[in-house]
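A.B. asks: Just lifted these from TrEMBL, have a look:
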BINDING   A:13, A:34, A:42, A:78, A:318, A:325, A:326, A:327  FAD binding site
BINDING   A:148, A:149, A:150, A:151, A:325  NADP(+) binding site
DOMAIN    A:3-167  domain 'FAD/NAD(P)-binding'
């Protein structure tokens with residue numbers, strides 16, 4: 001008795017769901033369907049290039065993709081190349097793990113000015129995402145980062161670090177060149193709330209202390225209390241190595257009012273809690289205020305508490321509970337939803353899926369595990385000095401390396 | 001000699017390493033610390049403990065209930081032998097591998113006897129976690145066998 005489950009999206013939520021299902025439902029056959037030619041979603045394209053330790057979860061995911069009961073189908077967008085309905089008719093269960101990648105908007109005047117960059121776009125570009133490669137952001141010397149989460153700190157680190165500090169990362173060469181050209185000298189990180197209300201993990205702020213040639217400007221008032229975040233900021237102010245290459249300033253309790261400029265951004269105006277305005281001159285604004293829905297393929301207003309969207313249809317990760325939480329949170333979530341899926345399928349007793357569910361991808365130029373492994377090998381083998389990977393950032397180049405063969409899935413045993 | 005490979009994990013990396021050790025070493029099984037009662041620790045089993053680090057040097061989620069249990073129940077662990085392997089990320093210099101240290105301190109305080117080298121793996125390094133963990137397990141088990149002979 002073999003149940004067939006399709007998981008849409010091969011980021012952390014999708015891979016962890018596959019891992020959990022293999023445990024809870026022995027004998028299950030899983031198909032991971034991915035829009036891009038390559039797997040791992042946010043781990044490859046969202047986690048910062050200099051956080052390879054965090055990216056190391058891909059060693060687990062490599063095992064998932066290599067499992068004999070798992071099939072990777074890349075370069076296939078559900079909802080465009082194949083409909084969700086077709087997928088549901090071919091598989092016993094379909095799990096939506098597409099995540100959420102639309103940047104939340106600031107909703108203030110001037111947001112459309114050149115030089116104002118949403119963080120999702122910036123981090124995709126900085127990670128060599130094929131959809132962002134052709135839209136290189138214009139970076140200037142003075143940057144303002146609006147937001148107080150870990151992504152804001154990731155962006156600040158990206159802009160503030162010296163090039164040799166990216167040793168051991170997979171930062172793409174064209175991104176490194178653009179950062180060198182920009183030669184960022186000031187980064188101002190601005191949050192609406194107080195330091196205690198900030199959402200970044202203290203350890204992320206402490207890490208900033210290691211940035212070479214940086215001076216940190218932390219307001220006195222923010223480091224007065226004993227919260228872990230204030231501790232981290234105090235630590236940053238005390239432990240900085242000090243240099244004049246770049247200054248990183250923290251500002252708390254400032255809400256952005258408007259962005260001004262003629263042809264491109266020139267300044268951001270904030271209001272503090274007393275209503276007093278503060279103007280910050282800048283040529284680059286990054287809004288790091290999170291992502292938003294609705295999730296692709298998840299019907300609006302669907303009840304998703306237990307992940308169940310309908311008969312044989314589930315959502316997991318950010319697609320289920322919104323764009324909050326870390327990679328370990330995705331694991332917890334995946335285990336929960338996998339239990340629900342396994343319970344439903346167990347109660348169903350008999351598979352209803354077609355014997356060859358992969359037929360619905362047969363006419364598509366899909367990439368497979370071998371294709372991804374070819375890309376992976378190439379990227380590692382051609383890594384420049386000081387890099388662990390030479391990310392191929394062009395979709396066509398990725399496809400050339402993966403050499404997807406039309407109909408290659410047709411002959412697979414069901 | 002039965003061997004329990006215990007793991008405390010947050011992202012699943014310690015679990016993966018523990019499972020691979022259990023597959024590579026005879027008479028070993030892997031077990032999540034959150035599924036183990038501190039009172040079940042026995043002198044007749046050899047424990048290999050893998051523990052990651054979370055956040056600002058905290059214990060990972062799946063080790064926390066076990067450590068809470070140790071501190072509440074205070075079992076006498078005299079005669080319980082264990083070796084430990086800490087997982088961490090040296091990008092976070094101050095909290096690197098602290099989860100493993102914390103767990104070891106708790107076990108030691110209750111009289112458990114640590115053997116072999118304190119293993120470490122740095123997720124920021126290019127060393128393969130699974131290969132490092134298996135090499136460590138073989139080395140500490142060889143030490144334990146010599147000590148027992």
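Cβ atoms are placed via backbone N, Cα and C, with glycine included.
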A.B. asks: What average pLDDT is reported by the model for the domain 'FAD/NAD(P)-binding' (A:3-167)?
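C.D. replies: So the average pLDDT across the domain 'FAD/NAD(P)-binding' (A:3-167) works out to 96.
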A.B. asks: When DSSP is mapped onto helix/strand/coil, what comes out for residue A:327 (FAD binding site)?
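C.D. replies: Note: residue A:327 (FAD binding site) is helical by DSSP.
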A.B. asks: Could you measure between residue A:325 (FAD binding site) and residue A:149 (NADP(+) binding site) for me? Cα positions, answer in whole angstrom.
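C.D. replies: Residue A:149 (NADP(+) binding site) has its Cα 11 Å from the Cα of residue A:325 (FAD binding site).
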A.B. asks: Just name the binding-site residues among A:13, A:148, A:327 whose Cβ comes within less than 8 Å of a chain B Cβ; none is a fine answer.
C.D. replies: A:327
A.B. asks: With an 8 Å cut-off on Cβ-Cβ distance and a minimum sequence separation of at least 6, pull the same-chain contacts of residue A:326 (FAD binding site), or say none.
C.D. replies: none
A.B. asks: Given the binding-site residues A:148, A:149, A:150, A:151, tell me which ones have a C-alpha lying within 10 Å of the C-alpha of residue A:318 (FAD binding site).
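C.D. replies: Those close enough: none at all.
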A.B. asks: Mind telling me which of the binding-site residues A:149, A:325 has the densest Cβ neighbourhood, counting other Cβ atoms within 10 Å?
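C.D. replies: When each Cβ's neighbours within 10 Å are tallied, A:149 leads.
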A.B. asks: Using C-alpha atoms only, work out the spacing between residue A:327 (FAD binding site) and residue A:150 (NADP(+) binding site) and round it to an integer in Å.
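C.D. replies: The separation of the Cα atoms works out to 13 Å.
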A.B. asks: List the Cα distance (Å, whole number) between residue A:148 (NADP(+) binding site) and residue A:42 (FAD binding site).
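C.D. replies: Approximately 20 Å lies between the Cα of residue A:148 (NADP(+) binding site) and that of residue A:42 (FAD binding site).
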A.B. asks: Find the shortest Cα-Cα separation between residue A:78 (FAD binding site) and the binding-site residues A:149, A:150, A:151, and name the residue that gives it.
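C.D. replies: When the Cα distances are compared, A:151 comes out closest.
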A.B. asks: Under 8 Å between C-beta atoms and at least six apart in sequence, can you list the same-chain neighbours of residue A:13 (FAD binding site), or say none if there are none?
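C.D. replies: Looking at Cβ-Cβ distances below 8 Å from residue A:13 (FAD binding site), excluding near sequence neighbours, one finds A:97, A:99, A:316, A:317, A:318, A:319, A:320, A:330, A:333, A:334.
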